[in-house]
Structure formats: structure tokens, C-alpha cells
Amino acid sequence: MRILADENIPVVDAFFADQGSIRRLPGRAIDRAALAEVDVLLVRSVTEVSRAALAGSPVRFVGTCTIGTDHLDLDYFAEAGIAWSSAPGCNARGVVDYVLGCLLAMAEVRGADLAERTYGVVGAGQVGGRLVEVLRGLGWKVLVCDPPRQAREPDGEFVSLERLLAEADVISLHTPLNRDGEHPTRHLLDEPRLAALRPGTWLVNASRGAVVDNQALRRLLEGGADLEVALDVWEGEPQADPELAAHCLIATPHIAGYSLEGKLRGTAQIYQAYCAWRGIAERVSLQDVLPETWLAGLQLNPGCDPAWALATLCRAVYDPRSDDAAFRRSLTGDSATRRAAFDALRKHYPPRREITGLRVATGGRVELQRVVRALGAQLV
């Protein structure tokens with residue numbers, strides 16, 4: 001097999017070395033010419049795999065190490081008989097850790113009690129569903145909007161988007177980017193909906209940039225709208241809007257799901273799909289390539305405040321403010337410089353583990369055990 005992989009996909013050799021020749025390119029450089037002699041294509045979300053790129057090529061399998069598939073022309077894949085796989089849920093836990101870090105930063109700035117907020121989660125798939133589990137596990141009030149899932153689960157606890165936007169203090173977006181169809185999500189939060197948000201609302205977008213109308217959001221924030229905003233995704237990536245970023249409490253370069261586990265899990269999942277497509281046995285597993293966690297065990301004082309414990313456990317693993325600082329330093333120079341910096345921050349992102357690898361002792365206090373279990377950390 002002739003394999004072409006995005007150079008930023010990790011451990012490709014570990015999984016695919018015995019499957020043929022492997023060539024690597026920057027994801028944004030993968031085009032029609034690059035696919036002239038390729039059987040297997042491995043990409044991330046930065047590569048648009050379209051009819052124009054694939055027509056006439058020998059590509060027979062496409063794997064994307066991402067949850068989303070809006071960069072894949074699935075209609076053409078079906079027409080051309082091209083097998084494909086995404087990596088559903090691969091980085092979901094990393095995104096949840098990111099959102100928790102954003103909420104802690106917002107609460108610190110606002111002097112708010114996270115337990116007293118009402119949370120609205122838009123999109124309850126792999127990421128949003130896990131976030132809902134964590135928030136409800138903490139005992140917090142959560143509203144969920146997911147029309148496609150509601151259609152499949154008519155007895156589920158879902159609300160309309162209008163009700164969620166009207167009642168939630170915190171809105172976290174986790175939808176795919178659908179430009180058409182029954183449930184389009186491009187500019188789901190458009191100017192009228194953004195303008196109607198309650199004063200003091202917190203907004204987190206770690207899904208796709210175009211789910212929020214970035215220009216409308218910037219105009220509102222420049223006009224003094226009382227919102228706290230955390231954006232990890234941007235319209236026109238890798239060209240993020242510096243003026244919009246300046247008005248965000250947290251601004252990062254599409255790294256919410258960049259945990260080490262998430263990255264390696266994504267490669268493992270497309271390898272599994274590739275093996276199934278070829279009808280061959282898997283010879284490598286995720287556990288073969290995943291380093292043992294370096295997170296230290298933590299001992300919580302049984303008398304500590306559960307809210308303090310929550311913040312301490314989350315920040316012991318990840319605090320998005322460090323990524324925010326690095327991103328803001330990159331938002332200088334001309335457009336080409338900023339685009340290159342956006343990709344460089346993602347390419348050279350430091351290893352980050354997930355909260356699920358944290359081992360925590362609580363001295364037997366039930367309230368602290370609830371926090372640990374809700375976060376998905378390990379009780380010892």
C-alpha cells in the first residue's frame with residue numbers, strides 16, 4: 001500500500017509501517033497532485049478531501065483522526081467506492097478537560113460559584129454527551145439541545161435551542177458543522193441569537209469556528225456586550241481574528257482536544273478501521289504505544305472545600321490559560337505570519353494528559369469522592 005499521512009498525525013509508523021510505504025506532508029499541502037500515487041490517505045481536519053482532489057486518483061481508503069467529518073466529501077466517497085473512517089470520540093475527553101478549565105477561569109474572573117450556574121450544552125454527541133455526564137455528576141443543572149439525538153430518543157431530556165439560550169448562564173457548543181440539511185449548524189449562533197443572550201452569559205465554543213458568526217460576535221463584544229467568551233475554534237482557520245481574540249477571556253488555536261491520549265487514540269481508531277477494510281488482523285493496539293501516565297497521585301485533605309478540590313484536580317492536569325497566553329503572543333505581524341503561527345502552535349503542542357489518568361485519595365469523604373468520580377479520575 002502507498003500511504004500518505006498528514007505529518008502531524010502521531011505514531012503512524014507504529015501502526016502502519018508494515019502496510020507499505022509511508023509519505024508525509026503538511027496537512028494543508030495535501031492536494032490533487034499529492035494523491036496521484038496514493039492508495040491510503042490519513043488526514044486531520046485541516047485537509048479538505050473533496051471530489052476535486054480525489055477524482056482520478058487511486059485512493060481507496062481515507063482515514064481522518066478527528067471526530068468531525070465536515071472536511072470529507074462523503075457523497076463522493078460513496079459514489080467512487082472509497083472506504084473511509086473517522087475517529088469518533090477519540091479526543092472527546094480532552095475537550096471536556098478544556099471546557100472545565102475555561103469554566104474555572106471564567107468563575108475566577110466573575111467571582112461566581114460554578115455550582116449555582118445553569119449549563120446549556122448544544123450538541124450531545126461524543127464530546128457534549130461526556131460533558132453532560134461530568135456536569136450532572138457534579139450535581140449541576142444542565143440543559144441539553146440536540147435535535148438529531150432528540151429525534152432518535154423522543155423520551156430523552158432535551159430542550160429547544162431557544163429555551164436553552166434563554167435559561168442557561170453558560171453555553172457550551174459541541175455540534176458538527178453542517179452547512180445544509182435538516183439541522184444546519186453554520187452560524188447557529190448568528191447575530192440575532194448572540195444579541196439575545198442574557199447579560200452575564202458565558203459562551204464556550206470548542207466545536208467548529210463557523211458554528212458562531214465570528215464577525216457578529218466581535219461586533220457585540222466591541223460594543224460592550226456583557227459576555228465572557230472562550231473560543232478554541234475560528235472561522236477561516238488558520239486565520240483567526242485578532243480583534244475577536246482580544247475580547248475573549250480564553251482564546252486558543254484549536255487545541256481543545258489535543259491530549260496525548262486523544263491524538264494516539266485517533267491514529268489507533270483509523271488503523272482499526274483500515275484493518276477491518278482490508279480484512280487483516282490488528283497487530284498493534286493503543287496500549288502498545290500509549291506511555292504510562294506521568295501524572296502524580298494526589299491526596300486531598302478530607303476537610304477541604306469540594307469546589308477547591310475540583311479546581312485543584314482540573315488544574316493539576318490542564319489549565320487553558322497557558323495555551324491562551326501562547327496564542328496571544330502569536331497574534332502579531334501580517335496575515336501570513338499569523339497563519340503560520342497558528343499551525344506552528346498546533347504542530348509543536350506540548351504533551352498533555354487527561355484527567356482520567358489522575359489518581360486521587362480523598363480520605364473517605366463522600367463529597368470529595370463525588371467530585372473525583374464525576375471528573376472520571378481514579379479513586380485510590
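Using N, Cα and C of the backbone, Cβ positions are placed for all residues, glycine too.
What Swiss-Prot says about this one:
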type     : residues                                                               : note
ACT_SITE : Arg208                                                                 : active site
ACT_SITE : Glu237                                                                 : active site
ACT_SITE : His254                                                                 : active site, proton donor
BINDING  : Ser45, Thr66, Tyr258                                                   : substrate binding site
BINDING  : Gln126, Val127, Asp146, Thr175, Ala206, Ser207, Arg208, Asp232, Gly257 : NAD(+) binding site
| said: Near the residue listed as 'active site, proton donor' in space, meaning Cα within 10 angstroms, which of the recorded positions do we find among Thr66, Gln126, Ala206, Arg208, Glu237? | reply: Ala206, Arg208, Glu237
| message | Spatially, and counting Cα to Cα, which of the binding-site residues is closest to Glu237 (active site)? Options: Ser45, Thr66, Gln126, Asp146, Gly257. | response | Ser45
| When you average the Cβ positions of Ser45, Thr66, Tyr258 for the substrate site, which other residues in that chain have a Cβ within 8 Å of that mean position? | Arg44, Cys65, Ile67, Gly68, Asn91, His254, Gly257, Gly266
| field | DSSP three-state assignment for Ser45 (substrate binding site) | value | coil
| task | Sorry to bug you, but what's the C-alpha spacing from Gly257 (NAD(+) binding site) to Thr66 (substrate binding site), rounded to the closest Å? | result | 9
| query | What is the nearest of the recorded positions Ser45, Arg208, Tyr258 to Asp146 (NAD(+) binding site), using the Cα of each? | reply | Arg208
